[in-house]
Every structure is written in structure tokens, then in C-alpha cells.
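Undergrad: Below is a structure I'd like to ask you about.
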Amino acid sequence: MEFTKGHGTGNDFVILPDPDGQLDLTPELVAALCDRRRGIGADGVLRVVRAAKHPDGAAQAGEAEWFMDYWNADGSFAEMCGNGARVFVRYLLDTGLVTPAGAALPVATRAGVVRALVEGDAVSVEMRRPQVYDDSTATLGGLTLAGTVVDVGNPHLVCVLPAGVELSALDLTVAPGFDPTVFPTGVNVEFIVAGDSVDGTDEHTVMRVYERGSAETLSCGTGACAVGAVALRDLGRDTGVVAVDVPGGRVTVTVTETSCWLSGPAVLVATGELNPAAFRP
Ligand SMILES: N[C@@H](CCC[C@H](N)C(=O)O)C(=O)O
């Protein structure tokens, strides 16, 4: 089986081409592929399958030819992956599965159809506008941190660090605690501090994230969108542009009246063949 490895600001994925949906992809196989010692190593898997050939994509097949079948490193599904969508589009273009056109490219996901534009190294994806809800809390290393609940298709809790708590000092080798009545299917938790405004953006934040199903990652695109929406709300604004620095680089979030654009680099680093014997159950 062929695979490609790619990443968006260090959020890395194993990409599996399966145009006709014939691959028996199981949680166990996904976890084995993502294992950083015994497998290829990644934060998640992107199966590239025709929307019409996957039960979760079929309803969107009129609008999008390809479905991003995203899985977390532990073998669980997620509704959406912002960086994954950007890397997915890079793969579709570089392998010639789609031909570049001026118009935004539609991609089906479990959270609906997203649209992508490519400009040089950068891939931008238009997703749903983040919905900012009530407050909740996360616990970490004896701290209880106030956070804001945000839905970007997948669930997020954005915690602004109080004065005196250093972002770099957080121990994210341990999963943060959260309220399971608010997040019955788990949550991605972002920890942020405000930075000085950069490059003409309205706001700039620095973020670390503990992802549901993948632990700490170097970047989370939907997490950055959630952070952007909260940062703008805290400025008293509904729309605007926020630069979000993650451990793996910088992404830019543009919240409009109706949607949210996530922009940043998306890179394919290698293609190879799996040894099937190593991944047999
Ligand atoms: N890294 C992704 C988010 C992946 C899904 C997430 N772990 C979840 O379970 O919701 C991104 O770039 O958005």
C-alpha cells in the first residue's frame, strides 16, 4: 500500500490514497501507522477517497469529488481537521487528482464541504464560522483554568492563561481534565497568551494545544480558528484577522461574517510503500 507523509505547521499526517474506498481501515491500523516508533508516525491519518465511495461523504458527492476521511492518532474519528484539510488539498494537487483552477476547490469532510485556495506554499481552507459558547474549565497540573467553549465542527476549549502562568511551563504530556457533561465526546484544549500585533493583523496570540485523540501537537488548525474567534470576541469584534503562533510555526485565521479562513504552509515530505507484514493485525 502506498502512503505519503505531509504536514501543516508540524501537524503531521499519513496520507493513504484509496480512491474507490476499498481499504479496510481500522482504528488498530490507524494507531499502528501513527506510532512514532513502530509505525510511520503522525498525529493522524488522511484517507483520500472519492466522496461517492464513502458513506460519510456520499451525501456531499454532488458538491465535492473527494472526501477527507480523517482519523486521530489513537484511531478515533474527528469531524474536522483544519491542517489536515490543507495538507489533503496539497496532496490532491501534487498528485494530479485535481487540476488547479482559479476557483476554490471543494473538499467533503464529516463537518460538511470546505473550500480551499492555493497560493505558492500556502494553502487556505474556508471552514464554518466558529460558534463561541459559554465558559467551562480545564484542569492541568493542579491548576484550574477558565476557558471558552467553541465549536468549529469539532469541539474546543480555549483557555487564556492568567498572569504568572507561563505557556512554556505547562506539562502537556498529561491530558488536561475537562467537564464531560459539556464535552461528552472529548475536547481539544488550547492554551493561549496574547502577543503583540504582527503583520497588520488585528490580534496575535501564541498557543499550545492538547488534541483529543492525538495528545500535544505542534499545531491545530481548527484550534487556531477557535482561538481567533475568542481573541476577536475579547476585542469586542465579530470579524477580523488573527495571527496564531503555534509550536510548529504560524497560521493566519480570518473570521468573516459567514465563515473562517485558515491559512498557512502545507508540505508533502515523502512517499513510500508500507510493508503489509508489519501492519497485519
Ligand atoms: N489537528 C486538527 C484537528 C484534528 C481533530 C481533533 N484532534 C479532534 O479530535 O477534534 C486540526 O488541524 O484542526
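Each residue, glycine too, has its Cβ placed from N, Cα and C.
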Undergrad: May I ask you to find which of N154, N275 TrEMBL records for the substrate site already listed with N11, N72, G82, N83, N188, E211, R212, G221, T222?
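TA: Answer, per TrEMBL (substrate site with N11, N72, G82, N83, N188, E211, R212, G221, T222), from N154, N275: N154.
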Undergrad: Once the DSSP letters are reduced so that anything not helix or strand counts as coil, what is E211 (substrate binding site)?
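TA: In three-state terms, E211 (substrate binding site) counts as strand.
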Undergrad: Between any two of N11, N72, G82, N83, N154, N188, E211, R212, G221, T222, the residues recorded as binding substrate, what is the biggest Cα to Cα distance in Å?
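TA: Farthest-apart Cα atoms in N11, N72, G82, N83, N154, N188, E211, R212, G221, T222 are separated by 16 Å.
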Undergrad: E211 (substrate binding site) to C220 (active site, proton acceptor): how many Å between their Cα atoms?
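TA: Checking the Cα atoms of E211 (substrate binding site) and C220 (active site, proton acceptor) gives a distance of 8 Å.
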Undergrad: So of N11, N154, which of the binding-site residues has the fewest other Cβ atoms within 10 Å around its own Cβ?
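TA: Among the binding-site residues N11, N154, the lowest count of other Cβ atoms within 10 Å belongs to N154.
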Undergrad: Going by a 10 angstroms cut-off between Cβ atoms, which of the active-site residues C81, C220 has the sparsest surroundings?
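TA: Each of the active-site residues C81, C220 was scored by Cβ atoms within 10 Å; lowest is C81.
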Undergrad: Can you check which residues sit near G82 (substrate binding site), meaning Cβ under 8 Å from its Cβ, same chain, 6 or more apart in sequence, and list them in order?
TA: V125, M127, V152, C220, G221, T222, G223, A224, C225, L262
